[in-house]
Structure formats: C-alpha cells, structure tokens
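Database features (Swiss-Prot):
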type    : residues          : note
BINDING : 94, 119, 142, 150 : substrate binding site
MOD_RES : 2                 : N-acetylalanine
C-alpha cells in the first residue's frame, strides 16, 4: 500500500476532458525517476493508449526540473549490496517505458521547462512533441558518471545533424532551449510565461489527430537566436573532430584545432573528454555509431546488454566510482580504471556489446502491429 501511495504521489494525474496531464512530483530530487515512478508511468501510458476517450498526454515536471535523470544513486546502493540484478530490473522497466513512448500511437507533449538530463531525455525526446523554454537545460552527463548515454540515446543522438550527437553524448555538454530547437531535440520553443495558456488550449483537443496539437503549438512557438558562444554555431569544428574513428583521434583533432584558433570552447571540450571515464567514452562512441543504423528497439536491446555489464562491474567498476565521486562523496575526483584511453582495449569494449552470461536480452512488447524493433518518430 505504501509503495502504491509513493508511486501515485510521485506522478500526479489530472483529467481535462480528453487530455491527461502527468506531473513528475519529486521536486527536491529534481524529479529523478524512482522505480515507482517508472512503473507508474508505464502503467498509465499503456492504460491511456487503450482508453479511446484519451486523445493527448501531457508530461511535465514540478519545480525547477522536468527530470534530472534516473535515480542512479539507488541503483548503486543495490550494486554495493551485491544486488546488481535489482538495478537490471530498474533499467529494463525504464527502457520498456522509453520504447512504449517511442512507439506511442497517441500524441505526447513534454513540457521541458527546466532541467532535462539522462533519464529525463528518455521520457521526453521519444515523444512526438518536445517543448523547450528559456529555462531548459539539457544534458546527457553519463560519461562523467562511468555510465553511457542510454534510455535510447544511441537512437536519438545518432540522428542529430552531423556529428553533434557524438559531441553531446561524449562531453556531457549542456544545451539551452534554443540549441535544443536548432538541433531537433525540441520540436518547439515557447516562453515559460505562455505555458499556462498553451496548456489550456491543448486541453481543448478532442481528436487523436496530432495535427491539432501541432497547429496549437505552432501558434505559440518562437525561434530564439542562438547565443554567440553556442556550440551549435561550431558545427563545422564538431563535424571535423567528432567524425573521427576513435576517442583518441577525436581529442587529437580538437587539439590541432586549438593550435590554429584560441577558442575557450575547444579547450573546455578537450577538458570534458579528458575528465570522462575512458571505458564510458569508448563504449558511448561505439554505441552512438551503431545506433545510426538501428531502430529504437534494437538500440534499447543493445543498451540493456551494455548497462548489465556496467552494473556487473567485471570489465570496469567506473559506474560505482563515478557515482561515489559525483553524487555521494562529491569530491569530483573519480579514480577511473582503466585510467587511460589507450588501456581500454578494443577487446574490452567488445565485451559490453555481448549478451551477459545467464542473463536474457531485453524483451520488448509487440506494439500496434509494428515489428518489435520499430522505428520511433524522432
């Protein structure tokens, strides 16, 4: 009973005629996704899809975050207690939710008025409409935690213009709302002062046809200018460097750029890469590259294999160490193992992409007569 009450208080539900508004409600934790929240969201999304009276689902966050990611601190506690399979249950449920959202037959509007990181991207970017504001801060910061951009990120990052996805995924770079709109992570940009009116108009929708939501959103959307220092203005440099075959070659290319141009952005990018977990950087790059040629379902199945290896910690224990340094002790000084990129051999990277011994692959549900490896609508 207490579990059910927790999941209901952490995800609030409003019914507005044919529209359902879901609010992530753990503001003190920046709406980090607990296992209860993931289970509740999955239950609600499946129920709304079956209910012919529901035409549109709106998802938003309470407080200054939409969702700052998954509750990885809880997963690390399980790992430290010898229960990595509890963590596997968490990620399998989360990836199932990502897949349901990516293949959803009804329109989903995510209002990203604040922090959107990691798992927060997973419950929004796969949906049809993503609304950024002047308060939006987006990032996939996993390589600094010894993890990798998951929740289907190898699908959506690999589909950004040029090699911008590799840049975002490897460096953990923070994007604002204008940058999200420019690169396609957001579909619309609406000033936060207009969100109440927008929501009221969306709640008048009484049709499954997404063009009704699209027409309303188009009437509210603005096209903000990119800041002068925006990374998106440096897409030519990003493409030259992040198109390289290996992480080592990416860093070398950036260092060559730095000798030709005194640009603080280039040096900050090099520093971000050098601070990340070598194991995480290498598996992240390969994951995004493989994602370009795969459907969203295939990406999630592969990412589940990868995350099981990360949690088992037999190849590298960087996930536990990264969470210790960033989230627990907060000394921001992780001791990565292996310590250097060149010590993370290709044979070690390869192991992350193999099925974990005595562990089943992620089994995705059949969706609307789509193949189980259906393509999402990014």
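A Cβ is built for glycine as well, from the same backbone N, Cα and C atoms used for every other residue.
Other than 94, 119, 142, 150, the residues of this chain whose Cβ falls within 8 Å of the Cβ centroid of the substrate site are, in sequence order, 69, 70, 72, 91, 118, 122, 147, 149, 151, 153, 307. Largest Cα to Cα distance within the recorded substrate binders 94, 119, 142, 150: about 16 Å as a whole number. Within 10 Å of the C-beta of residue 150 (substrate binding site) we count 28 further C-beta atoms, all protein chains included. In the three-state DSSP classification, residue 150 (substrate binding site) falls within coil. The Cβ of residue 142 (substrate binding site) lies under 8 Å from the Cβ of 118, 148, 149, 150, 169, 172, 280, 284, each on the same chain and at least six residues away in sequence.
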